[in-house]
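This report concerns only the one structure given below.
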Amino acid sequence: MRKRATEYGPLSIYDPIYLGIDENACPVDITLIYKNLLTAGEPGAGKSGALNNLVAHAALASDCRLWLMDGKRVELGLWRDRAEVFVGSSLDDAIDRLRELQAEMDSRYDQLDGWKLRKISRGDGNHPIMLVIDELAYYSATAGDKRTRETFSLLLRDVIARGRAAGIIVVAATQRPSADIIPTSLRDLFGYRLAFRCTTETSSDIVLGHGWHSRGFDASQIDPTTPGVGLLLAEGGIPRRMRCAYLSDVEISRIAGHPDSGSAA
Ligand SMILES: Nc1ncnc2c1ncn2[C@@H]1O[C@H](COP(=O)(O)OP(=O)(O)OP(=O)(O)O)[C@@H](O)[C@H]1O
Ligand SMILES: [Mg+2]
């Protein structure tokens, strides 16, 4: 994280979030409030590294509630104590939590309706909630049975589609950028898309959007020896090649406030 973030008092989730640097070594900051972010790429490409930057900002923000879902448990596990909700490998828990989030979203819309406002804003009583899902496909295509996976996918789609104005930010990562995991209708709900190295140009297009590879933005061309390098597409723009910042386990533990940071014993 940039020093600016921690030196000058608490962060806000309404502030830009530092994600890394671009090809000209310019900082890449993204503003996630009222937006969602999808990231995908092959194993080891840098997805969890990217997510940890976003989670670090949210954990340090004084106005953000952090909800984490991590089928592997260790990718986001260092933030467990800082999170309001942490779901591991249980699909049933994930579904229960999504129902809770959906109910929270609906009650915020009731409130906004009553206040004659269109969206929550900085300083009002409702703190944004950042839901981070590392390995989306684990919940939507691997765990449980067909019925429960569909329930998960429907709930998640609703939260992504309707949550933005209620201050619900969804950040999701998947190793499998295929049409069954990320159908176009779902992909298009993500204002930010970050494609790390993919195996084919088709999977690169599934993350970024149809046709980008033929315009020279192809994540399958990323060198496999450069994890953390990806193409970031922000709503309405063109993909920007960048390298994500990377927090070590020790740094994460320090930010998360663990006394015994980094000890494997
Ligand atoms: N931005 C980065 N800068 C430098 N090294 C990185 C960066 N991101 C990732 N790496 C290196 O690559 C390794 C794999 O990264 P990461 O765990 O983020 O991959 P992943 O895409 O989440 O993989 P998986 O799909 O297996 O979970 C890290 O352990 C780290 O060594
Ligand atoms: Mg990972």
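Glycine is no exception: its Cβ is also placed from the backbone N, Cα and C atoms.
TrEMBL annotations: computationally assigned, not manually curated.
Lifted from TrEMBL, the feature list:
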- GLY41, GLU42, PRO43, GLY44, ALA45, GLY46, LYS47, SER48: ATP binding site (BINDING)
- 14-205: domain 'FtsK' (DOMAIN)
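The ATP site, placed at the center of the C-beta atoms of GLY41, GLU42, PRO43, GLY44, ALA45, GLY46, LYS47, SER48, has further neighbours from the same chain whose C-beta lies within 8 angstroms: GLN175, PHE196, ARG197, PRO227. Summarising model confidence by region, the domain 'FtsK' (14-205) averages a pLDDT of 93. Of all the binding-site residues listed (GLY41, PRO43, GLY44, GLY46), GLY41 sits in the most crowded Cβ setting, with the most other Cβ atoms within 10 Å. For LYS47 (ATP binding site), the number of other Cβ atoms no farther than 10 Å from its own Cβ, over all displayed protein chains, is 26.
Closeness to ligand 2 is met by LYS47, SER48, these being the binding-site residues among GLY41, PRO43, GLY44, GLY46, LYS47, SER48 whose Cβ falls under 6 Å from the molecule.
Checked against ligand 1, the binding-site residues GLU42, GLY44, ALA45, LYS47, SER48 give GLY44, ALA45, LYS47, SER48 in sequence order as having a Cβ less than 6 Å away from one of its atoms. Note: ALA45 (ATP binding site) has non-local neighbours PHE196, ARG197, CYS198, ILE222, PRO227, GLY230, i.e. same-chain residues 6+ apart with C-beta under 8 A of its own C-beta.
All protein chains shown were included, and the count of other CB atoms within 10 Å of the CB of SER48 (ATP binding site) stands at 18.
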